[in-house]
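K.L.:
Questions regarding the structure given below will be posed in turn.
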Amino acid sequence: MASNYKNKFADAVFEGGGVKGIGLIGAMKVMEDDGYEWRNVAGTSAGAIVASLVSAGYNAIELKEIIENINYKDMLGNGKKNNCMLGKANNLIFKKGIYKSDYLKQFVNGLLYDKLKNKLENRKQVKFKDLIIPGKKGILLNNPKYKRKYKLHIIATDITKGKMLILPEDIADYGLNPDELDVSLAVRMSISIPFFFQPIILKSAVTREKSLIVDGGVLSNYPVWLFDVNGVPNYPTIGFKLGASDEKARLNKTNNIFNMGAAVISTMLEAQDDVHIAEMEYLRSIKINTLNVKATDFDISKGKVEELYLSGENCARRFLEVMNPNYEKYIEYRKKNTLSV
C-alpha cells in the first residue's frame, strides 16, 4: 500500500448488508490476487459471516464456490408455517422475529469445522479459542479488555442494555469466558436483523438477567475503526463497504404491516448515509456497488449472485488504482484530525 509497507499484510473489516454481502467476496478476490494476506479481521452481520470464514482460513476462491452453491432461502429456516401470514404474525408477536436462522448458525459452524477439525480434539463447535493467533500481543481501542490475539472480532447489539458488543471479549460482561464462546453463536447474534430474525436470548451467568441480542448493524454496521492504533500502524486496515447503487433506487413496499416492517429494517440497515462515514475512512474503503440488491433479498437469482460478485471485483480494481496515494492521504488526515497518530 504505502511505500513503508514491505509486505502486503492488512487487517480487514467487512460491512454488514445481508444478501448484499456477496459483493464482499468479489472485492476480496481482487485484493488477494494482488498479494494481500489478512491478519486480524472483523465484521458485522453478513460481514461477520465472511470475517469468520476468513479467520478460519478460507480464501476468496473457496468462498466464491460456497456462495455459488447456496440456496439463500434455506438461510431463513423456512418451514411451511413461516410462509403464511398467520405463521409470520405468530412468530413476530411471540418470538420477536419471523425466522429462526438456526440453519445459518449450523451452516457457518459446519464450514468452520471443515477447516479446523484437525485442531478441535473431538469437538464439533468452533470456539474463539480456536482462532487465537499464537504469540500475538497488543490491544484494541487502547483498552486492555480487547485483545489482538483473537484473529476474529464480531459486532452485535444488546438492545436490553442498549449497548454495542465487541465479541468475543464483551461476552465476559455476562459472566462467560470469551475463549469458550462459539463462533457460530457470535455470528448468529450479529446477523439477527430485528423483527426479521428472532433475537438471541443471552442469560448472564452472574445475575441471571436476560438480554436480547440483535444485529450489530443497529449500532455499528461498518466497524472500520476497530483496529486503529496510536501512531502509524504496522500494516493498514482495508474496509469492505457495501455502497449504494448508481442506478435508480428500488422503492420499498409498504402495503401491509410485514412489508412496512421490512421497509423499516431495510432503511435502518442500508441508509447509513455516506455523511456518517468520516472522510478519512473512505480513503481506506472499497465501496462496492450493490446493484440495488436489498439486504433481505433471499430469493436472489444465481445470475444476480454473479453480477454482485463481479461488481465487488470491479470496485476493488478501482480501489487499487488509487490505493497508495489515498492511504498516504489517510495517514496525513489522521495526523491533522486526531490527538495522537
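Each residue, glycine too, has its Cβ placed from N, Cα and C.
Annotations in TrEMBL come from automatic prediction, not curation.
Heads up, here are the entries from TrEMBL:
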ACT_SITE  SER45  active site, nucleophile
ACT_SITE  ASP215  active site, proton acceptor
DOMAIN    12-228  domain 'PNPLA'
MOTIF     16-21  motif 'GXGXXG'
MOTIF     43-47  motif 'GXSXG'
K.L.:
Which bits of the chain, at least 6 residues beyond where the motif 'GXSXG' (43-47) starts or stops, bring a Cβ under 8 A of a Cβ in it?
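P.N.:
Distal contacts: 13-21, 24, 154-155, 190-191, 193, 215-217, 220-223, 240, 269, 295.
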K.L.:
Is it possible to get the count of other C-beta atoms within 10 angstroms of the C-beta of the residue listed as 'active site, nucleophile'?
P.N.:
30
K.L.:
Determine which residues of the chain contact the motif 'GXGXXG' (16-21) at the Cβ level, with the cut-off under 8 Å and only residues 6 or more beyond its ends counted.
P.N.:
43-50, 72, 190-191, 193, 215-217, 221-222, 242, 269-270, 290, 293-298, 300, 308
K.L.:
What does the structure give for the C-alpha distance between ASP215 (active site, proton acceptor) and the residue listed as 'active site, nucleophile'? Integer Å is fine.
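P.N.:
That separation, Cα to Cα, works out to 6 Å.
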